[in-house]
Amino acid sequence: MTNIQTQLDNLRKTLRQYEYEYHVLDNPSVPDSEYDRLFHQLKALELEHPEFLTSDSPTQRVGAKPLSGFSQIRHEIPMLSLDNAFSDAEFNAFVKRIEDRLILLPKPLTFCCEPKLDGLAVSILYVNGELTQAATRGDGTTGEDITANIRTIRNVPLQLLTDNPPARLEVRGEVFMPHAGFERLNKYALEHNEKTFANPRNAAAGSLRQLDPNITSKRPLVLNAYGIGIAEGIDLPTTHYDRLQWLKSIGIPVNPEIRLCNGADEVLGFYRDIQNKRSSLGYDIDGTVLKINDIALQNELGFISKAPRWAIAYKFPAQEELTLLNDVEFQVGRTGAITPVAKLEPVFVAGVTVSNATLHNGDEIERLNIAIGDTVVIRRAGDVIPQIIGVLHERRPDNAKPIIFPTNCPVCDSQIIRIEGEAVARCTGGLFCAAQRKEALKHFVSRKAMDIDGVGGKLIEQLVDRELIHTPADLFKLDLTTLTRLERMGAKSAENALNSLENAKSTTLDRFIFALGIREVGEATALNLANHFKTLDALKDANLEELQQVPDVGEVVANRIFIFWREAHNVAVVEDLIAQGVHWETVEVKEASENLFKDKTVVLTGTLTQMGRNEAKALLQQLGAKVSGSVSSKTDFVIAGDGAGSKLAKAQELNITVLTEEEFLAQITR
């Protein structure tokens with residue numbers, strides 16, 4: 001072997017190791033810049049010496065010419081589907097069938113439990129360690145040849161990370177698109193006037209079925225393996241879990257949430273844990289897959305029809321359903337935004353009954369081409385507000401009514417205008433409009449603003465309807481006699497409300513700024529403003545140029561803030577609030593350059609008592625930290641509040657520095 005060949009082999013081996021650390025172990029040993037440097041060095045050497053180019057080189061992920069169509073590949077071992085369970089009773093019946101069928105029943109039965117990824121099932125064949133073929137599941141017997149596209153996925157190794165590869169190994173797994181990548185893809189599409197994707201699964205499917213692999217290479221796809229098909233020239237581990245860990249050891253990525261569970265109760269606990277974590281995973285799942293772990297028991301149980309007897313998919317409640325649009329109401333928000341709200345025939349979606357859904361704005365009504373009486377598709381995912389994502393136009397009845405966007409406010413009859421360039425139409429009534437007054441006051445007392453527990457939306461509606469309050473400052477002028485005259489307001493409830501109002505007078509500057517309801521000023525921006533200007537007077541007196549020096553404050557937001565303080569009514573309300581005793585302590589936060597958290601990955605867990613989770617997150621981000629939702633070997637700090645659970649345990653297991661809330665505050669303040 002020549003020196004050049006040796007150099008090329010060493011570079012390829014090193015790059016494969018770095019790819020394995022990054023994509024499979026989630027624990028890179030070198031910065032991205034070092035990987036990029038070696039990658040470009042390898043690419044340059046291969047250009048100089050094309051005679052030594054190999055198809056499994058890290059540089060050869062993209063290179064195939066666009067296809068005219070996909071050829072068919074017949075699966076040597078069929079890719080079967082799974083039976084489904086939709087309740088604990090159905091899962092327990094599945095376990096009972098297994099127990100009745102097994103001759104020697106182990107106690108307890110051990111299951112390998114996995115999230116059910118919402119992507120596309122694929123088969124990837126390695127011959128002597130090199131990726132040679134990939135196919136979609138298709139109908140389970142025959143799929144489409146997507147080899148060129150699979151090669152472009154960054155976490156799929158082109159060469160297995162082992163010196164003794166099997167003669168033939170078929171890896172089966174799911175290709176999906178994480179939420180962050182999906183959002184970037186759609187953002188790019190919008191900026192370039194291209195068609196957006198409805199959801200990550202559609203995006204993954206469309207990306208895998210591109211005839212041009214160069215397009216697929218630009219899509220943020222990920223593979224997680226869930227099993228093995230063909231295996232020749234290798235003695236595989238005797239349990240499903242150990243097989244997945246073996247795949248991981250040779251460079252194949254598997255899902256980090258996989259868990260072994262003993263007995264049905266532990267399995268159901270896993271199901272509920274994953275269901276609770278669903279919205280924070282960063283990718284779509286639609287249930288769990290539960291498999292008997294012992295391969296010998298799998299073989300004894302065998303198959304029925306087109307599904308194995310030893311596995312089942314326990315699905316989450318449906319996130320999409322069909323229902324009827326009965327009417328549309330137009331609601332007025334605290335900034336005057338007019339939002340059309342669909343009134344639906346009640347339907348059970350993702351564990352709750354849905355009867356309302358947002359239609360966002362007039363553009364959305366036009367885009368959906370929706371009418372009253374239509375059959376619509378409702379989607380509810382995690383904590384997301386239910387929304388209409390489609391209309392079955394072929395079912396439109398003859399008596400369907402068009403949705404007419406109002407020209408005057410449905411509450412105060414003021415004119416509705418839509419500023420050019422904005423999607424939202426707004427009522428021009430301002431605080432003359434009772435709806436805007438109510439929503440502004442609800443925002444003021446909300447948990448992330450002034451956090452006034454004893455004063456809720458129903459109470460505010462009564463107070464506004466009876467014209468007992470007009471501004472936030474009026475809340476602090478309420479007395480026991482006034483409150484006890486209201487409906488459903490006894491002496492005890494009235495006292496609680498007054499105590500909450502008194503306690504709320506002591507707040508923080510960022511909470512106070514957020515509570516004022518300045519358009520475009522969210523929690524993070526309010527925190528940045530408070531930390532930049534330090535005092536309310538400095539913020540009030542700031543000009544446009546000074547405002548734009550604050551992180552995340554651009555021209556539009558600066559204008560909103562500047563105009564707010566030029567309105568005499570707003571200044572009068574703020575002065576009245578301070579006159580009523582609203583106050584805060586000045587806390588100076590260290591600059592990013594001199595704090596412990598700059599360029600570090602931080603995880604928050606438990607209940608923080610001195611500030612909200614969102615406040616702490618925004619503060620850490622301002623200090624230059626990356627705030628993550630899960631603990632891994634890349635985590636630098638875990639900030640643990642009261643009741644910290646599994647994240648704290650994992651941090652201790654990985655020897656990650658854990659700070660209490662008090663230690664965190666001591667680090668960030670002068």
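Just so you know, glycine gets a Cβ as well, placed from its N, Cα and C.
The feature NAD(+) binding site is assigned by Swiss-Prot to Asp32, Ser33, Glu34, Tyr35, Asp36, Ser81, Leu82, Glu114, Arg137, Glu174, Lys291, Lys315. The annotation active site, N6-AMP-lysine intermediate is assigned in Swiss-Prot to Lys116. Feature annotation from Swiss-Prot assigns Zn(2+) binding site to Cys409, Cys412, Cys427, Cys433. Per Swiss-Prot, the feature domain 'BRCT' maps to 592-670; the stated evidence is sequence analysis.
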Same-chain residues six or more away whose CB lies under 8 A from the CB of Cys409 (Zn(2+) binding site)?
Val332, Ile338, Gln415, Ile416, Cys427, Thr428, Gly429, Cys433, Ala435
At the level of the C-alpha atoms, what whole-angstrom distance separates Asp36 (NAD(+) binding site) and Cys412 (Zn(2+) binding site)?
61
For Cys409 (Zn(2+) binding site), the three-state class that DSSP assigns:
coil
Counting Cβ atoms within 10 Å across all protein chains shown, which of the binding-site residues Cys412, Cys427, Cys433 comes out on top?
Cys427
In Å, rounded, how far does the Cα of the residue listed as 'active site, N6-AMP-lysine intermediate' sit from the Cα of Glu34 (NAD(+) binding site)?
35
Additional residues surrounding Zn(2+), by Cβ distance to the Cys409, Cys412, Cys427, Cys433 centre under 8 Å:
Val332, Gly336, Pro410, Val411, Asp413, Ser414, Ile416, Thr428, Gly429, Phe432, Ala434, Ala435, Gln436
Integer Cα-Cα distance in angstrom, Lys291 (NAD(+) binding site) to Cys412 (Zn(2+) binding site):
60
Using a 10 Å cut-off, grab the number of neighbouring Cβ atoms around the Cβ of Lys116 (active site, N6-AMP-lysine intermediate), all chains included.
21
Distance [Cα-Cα, Å, rounded] between Cys412 (Zn(2+) binding site) and Arg137 (NAD(+) binding site):
58
